[in-house]
Amino acid sequence: MRGAPTILHLDMDAFYAAVEQAAKPSLRGKPVVVGGIGPRGVVATASYEARVFGVHSAMATGQARRMCPNAAYLAPRFSLYRQVSDAVMELLHGLSPLVEPLSLDEAFVDLEAGGTSASTQAAREVGERLRRDIRAATGLTGSVGLAGSKMLAKIASERAKPDGLVVIAPGTERELLAPLTVRTLPGVGPATAEHLRRVGIHAVGEMVEAGEDELVRLLGRAHGTSLHAMAQGLDDRPVVAERDAKSVSVEDTFDVDLHDRARVRSEVARLADRCVGRLRSAGRSGRTVVLKVRRYDFSTLTRSETLRGPTDDPAVIREAAARLIESVDTTGGVRLLGVGVSGLADFTQEDLFAQAATAEEATAEEGAEPVADAAAEGSGVGPVEEIAEEAGRRRWAPGHDVRHAEFGAGWVQGSGVGRVTVRFEQPWSEPGRVRTFPVDDPDLEPAEPLPLVRAEEGSGGQSSPAMRPKSWSSPPEPPPPDEASSP
Ligand SMILES: [Mg+2]
């Protein structure tokens with residue numbers, strides 16, 4: 001816990017949906033839902049305008065359609081989200097060498113490690129400048145939280161949403177946390193919350209009052225002690241640059257998706273034991289238990305829980321993994337499970353989760369747990385994208401880019417009964433007009449996404465649409481403010 005709020009948490013606002021609104025002028029200010037559009041699809045991100053209707057990430061798309069039938073339902077365009085994310089992460093790396101991405105649109109930054117002086121004012125100035133730079137580079141808004149610890153920085157950015165900045169002054173943590181629901185704390189999923197509810201503990205302050213012994217009795221030693229510390233705002237987890245993240249992990253892909261919840265639990269326990277075997281044979285121990293789940297639709301997410309101290313105790317790691325799986329919705333089926341332990345003193349084992357280097361979020365962007373100490377991650381994104389692209393070629397996935405020989409660049413608004421409807425507009429144009437074509441119209445073909453911000457005239461950019469902030473000029477009209485409701 002620091003004396004100055006120099007841990008920064010950035011979270012882009014409704015990221016996928018905001019990218020789509022920036023790319024598609026006709027959707028600005030309108031409800032937009034990005035996610036699986038098939039019958040078993042799940043919402044990845046809803047724009048703030050759609051959230052007014054109760055639509056949220058991780059909800060079945062079918063349910064979202066009932067709640068908000070007039071929203072635009074779009075298939076994700078991960079290649080574009082990744083380009084925008086790269087531009088944002090580049091700005092973060094300009095602030096500090098210690099940047100810990102949690103997903104495509106979310107990261108912690110240790111400002112002190114980057115030379116920001118340890119004062120509230122200095123941190124606030126860096127945060128405000130970052131928000132301006134992100135807007136200029138991407139046309140999008142991000143919310144910034146600043147605090148003396150990761151947990152509080154993340155709570156702060158949640159409070160800053162949308163399009164804001166919140167500083168939690170060191171010394172006020174405990175008071176601030178006291179009235180919040182226990183689910184605010186990293187590591188409190190539905191099962192733990194239910195455990196606590198049964199003994200009348202609803203708010204974080206009540207956890208502190210219950211005392212460490214009582215929490216240990218209820219939740220086990222590792223979980224109880226760490227949560228008692230967190231409840232008081234005591235969180236000294238460091239910001240870990242991605243390349244330094246060390247872990248031992250094991251994972252299994254299943255030939256047939258697992259649907260049975262009991263089977264999922266037993267596989268997680270088995271993987272936890274295997275992971276401990278590897279950990280022990282390497283003579284190591286670790287503090288953070290990581291669970292990886294790839295669902296039937298290839299969406300991949302990770303959940304993690306940080307223990308108070310390092311362990312190689314199979315029971316402790318099994319319990320932590322079991323708690324983590326309770327916070328993951330596996331209805332629909334599970335293709336892959338993984339269990340890892342990170343935070344090792346030294347590192348010799350291959351890090352199987354390191355594929356997250358291309359950190360990607362193929363799953364709910366803002367998950368059900370607002371401050372879960374976890375990240376959506378996406379080694380599974382490749383397949384999702386391939387599927388989407390295939391679908392684009394065959395079925396013209398809604399939201400995907402096309403080019404028409406006569407009318408130019410546009411995007412698929414819908415298709416069916418042998419027709420495809422295209423709206424012809426570009427990120428920097430006025431809202432465009434809609435035209436309908438036969439699905440096999442030879443003049444119509446799939447296209448690459450256009451950059452959100454037009455490259456400077458004459459500066460090239462034609463060969464690489466990659467969004468490098470330096471090559472951009474004249475930011476477009478920013479997307480309209482999320483007038484409605486922060487969630
Ligand atoms: Mg976000």
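Cβ coordinates are placed from backbone N, Cα and C, and glycine is handled just like the others.
For reference, TrEMBL has these:
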type     : residues      : note
ACT_SITE : GLU106        : active site
BINDING  : ASP11, ASP105 : Mg(2+) binding site
COMPBIAS : 475-487       : compositional bias 'Pro residues'
DOMAIN   : 7-189         : domain 'UmuC'
REGION   : 362-381       : region 'Disordered'
REGION   : 431-487       : region 'Disordered'
SITE     : TYR16         : site 'Substrate discrimination'
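Separating the Cα atoms of ASP11 (Mg(2+) binding site) and GLU106 (active site) is a whole-number distance of 5 Å.
DSSP assigns GLU106 (active site) to a strand in the three-state reduction. Ligand 1 lies within reach of ASP11, ASP105 from the recorded positions ASP11, TYR16, ASP105, judged by a C-beta closer than 6 angstroms to any of its atoms. All chains included, 24 other C-beta atoms sit within 10 angstroms of the C-beta of GLU106 (active site). With respect to their backbone Cα atoms, TYR16 (site 'Substrate discrimination') and ASP105 (Mg(2+) binding site) stand 9 Å from each other. Looking at the domain 'UmuC' (7-189) alone, the prediction's average pLDDT is 94.
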